[in-house]
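Here is the structure we will look at.
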Amino acid sequence: MDSDIQRQWGELAEEVRGHQFRYYVKDAPVISDGQFDELLRRLTALEEQYPELRTPDSPTQLVGGAGFVTEFRSVDHLERMLSLDNAFSSDELTAWDARVRGDIGQEPEYLCELKIDGVALSLVYENGVLVRGATRGDGRSGEDVTLNARTIEDVPERLAKSEKYPIPALLEVRGEVFFRLEDFEALNASLVEESKPPFANPRNSAAGSLRQKNPAITARRRLRMICHGLGRAEGFSPESLHDAYLALGEWGLPVSTHTTKVRGIAKVQERVNYWAEHRHDVEHEIDGVVVKVDTVALQRRLGSTSRAPRWAIAYKYPPEEATTELLDIRVSVGRTGRVTPFAYMTPVKVAGSTVSLATLHNASEVKRKGVLIGDTVVIRKAGDVIPEVLGPVADLRNGNEREFVMPTACPECGTTLAHEKEGDADIRCPNSRSCPAQLRERVFHVAGRGAFDIEALGYEAAIALLAAGVIEDEGDLFGLTADDLLRTDLFKTKSGALSANGARLLDNLDKAKQQPLWRVLVALSIRHVGPTAARALATEFGDLEAIEGASVEQLAAVEGVGATIAAAVVDWFSVDWHRAIVDKWRAAGVRTADERDDSIPRNLEGLSIVVTGSLPGFSRDEAKEAIIARGGKSASSVSKKTAFVVVGDSPGSKYDKAVELGVTILDEDGFRALLADGPPA
């Protein structure tokens, strides 16, 4: 077939799809029905003449808005989306400024921006055309929400041309998605009219609206966006962030009108104080002010830590507080048996959310805070997110209050509670094998995003499977069959057949069997073993059998593990029924070993290597795993014992330390040579 015909079809199909999206999803057509019909007729005629062009996803084969469904597949960011360090006082802000000035040897200009309380979004434009929108995720990869991002009023599908700022070949721009308060209130009013529960606060509703599978719903939610940073760019090298914002505005991207450029920490503090007084005058919620070094060259010199740039900080305002009645103190039992008291309160609105529950951590914390059941208590949302009981308003006591007494028996199974060892603040239910609460929480944990990531296995499903006796514990999950699920009402239809959710659960379980070893380790609910320690163990040992057979000393020697985690791993595998869980999973086909490349040489044995800055060819985890796989130690700080420092973009102070100590410095090419050939003889 002529390539010109294929190109003609591709351009026409893309144009029709664009108009379908504007009509069916955004409800904002830009051409008449007649003009659209003419485009569709031309496309249909072309496919009739060349039938091989007609594909199942062609606009001619889809009805209405069919096909516009957001799947939330994982996509990698071109540059990492870092977080921000926080300052909660003037002293902390001043100390940060002193570190910045000390590192660069001058007083920089700062940009002061409002810290919008929303959800982060990254947009990628290629030659001015929006090709992707993604959530922050873990900073390295996020969820693809491109269709939903296109429905946001502020997000242009094409960048506007500018004589002063040519459109770059590639532009990755970061921003915050949020609700204006009036739009949030209107949304909640409409939900109430439809007898649906309203959202608790604008941030949660923004996050939920951005993650709708049906982008038409997102379009109706009237989300807004403000851009506040750049990722990777090709053909665009601004000297300052201020200049970058001017360019973004010229291209039609939304930038804040409240950003101010100042010099000196005193001027920064003035802006912080001003917005503390006027935070409720803004059309959206804010929870602080972000302060950034404006000059890009100075940003590069300052570099970043593993989680946040050194050239920026978020000044967080004190969280809002409220008083309410403490109706009761109850306890919950977690998956590792920890018994946690929590406050049950008269619902009260704090920082935009309705709060009725708050953790009290342990009995010692209850005593330290001095709260009594029946007290009027002061609560706040730490970071405007987590509800916390600060303490009682003792002057309002009427004599009817009573002390909380920690139960001596598990509220779920009746087993006597105990401290695991002397001096522990927490008490636990030792009936870990059959306590109903621990069983529920462990089964639910197996399905979590940090473990096997089984979407169809929710809390309700975990309860149903255990209640029906379909599973005895989490070890039975991967052996489930359709007949097993039919023993529960949750997974069968009225006619007695397996429901769609049941079929989806079986499919999810089958796919989860191929998850990497570190996820298996997290799913086992070993005390203290989260994703970081699990990755380290999986990288070092490669299979579960080797981890099970390792000594405390061998485990503790793994970087990122240490003695406490090592002892917890050995203790866990010493229990017969724990090992039985692993045996059941292995028998059901769960992969308990990662594929290892024996051809990788152990040519870095005993060498301590530090990686600083970003390497275009390696993620941070990839570089770390490459070092560990060759017997080296991926260290986090530079010392006299460091053999090599690998320097990428924005290296920060580790580079300076390496120069000071005379440590060998490698660029990415040198790092690749080191991995391939080992250190020079």
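Placement of Cβ uses the backbone N, Cα and C atoms for every residue, glycine included.
Annotation comment: Swiss-Prot describes Lys115 as active site, N6-AMP-lysine intermediate, evidence class sequence analysis. Look at Lys115 (active site, N6-AMP-lysine intermediate): DSSP puts it in a strand. Sequence-distant contacts (6 or more apart, same chain, Cβ under 8 Å) of Lys115 (active site, N6-AMP-lysine intermediate) comprise Ile286, Asp287, Gly288, Val289, Val290, Ala314, Tyr315, Lys316.
Annotation for Lys292 (NAD(+) binding site): spatial neighbours Tyr110, Leu111, Glu113, Leu241, Gln299, Trp311, Ala312, criterion Cβ-Cβ under 8 Å with sequence separation of six or more. Look at Lys292 (NAD(+) binding site): DSSP puts it in a strand. As annotated by Swiss-Prot, NAD(+) binding site applies to Asp33, Gly34, Gln35, Phe36, Asp37, Ser83, Leu84, Glu113, Arg136, Glu176, Lys292, Lys316, with the evidence given as sequence analysis.
DSSP assigns Cys410 (Zn(2+) binding site) to coil, not to a helix or a strand. Swiss-Prot lists Cys410, Cys413, Cys429, Cys435 with the feature Zn(2+) binding site, giving sequence analysis as the kind of evidence.
The domain 'BRCT' annotation in Swiss-Prot covers 599-681.
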Report summary line: One of the binding-site residues Gln35, Leu84, Arg136 has its Cα closest to the Cα of Cys413 (Zn(2+) binding site), namely Arg136
Query raised in the report: If you take the centroid of the Cβ atoms of Cys410, Cys413, Cys429, Cys435, the listed Zn(2+) site, which other residues of that chain have their Cβ within 8 Å of it?
Result: Val333, Gly337, Pro411, Glu412, Gly414, Thr415, Leu417, Pro430, Asn431, Pro436, Ala437, Gln438
**Report entry** Surrounding CB atoms that lie within 10 Å of the CB of Cys413 (Zn(2+) binding site), all protein chains
**Finding:** 15
Query raised in the report: Which of the binding-site residues listed here (Gln35, Leu84, Arg136) have a Cα atom within 10 Å of the Cα of Cys435 (Zn(2+) binding site)?
Result: none
**Report entry** Model confidence over the domain 'BRCT' (599-681) (mean pLDDT, whole number)
**Finding:** 85
Query raised in the report: Roughly how many Å separate the Cα of Gln35 (NAD(+) binding site) from that of Cys429 (Zn(2+) binding site), to the nearest whole number?
Result: 70
Report task. Select the most exposed residue of Leu84, Cys410, Cys429, Cys435, where exposure means the fewest other Cβ atoms within 10 Å, treating these as the binding-site residues. Result -> Leu84
Query raised in the report: Within 10 Å of the Cβ of Gln35 (NAD(+) binding site), how many other Cβ atoms are there?
Result: 12
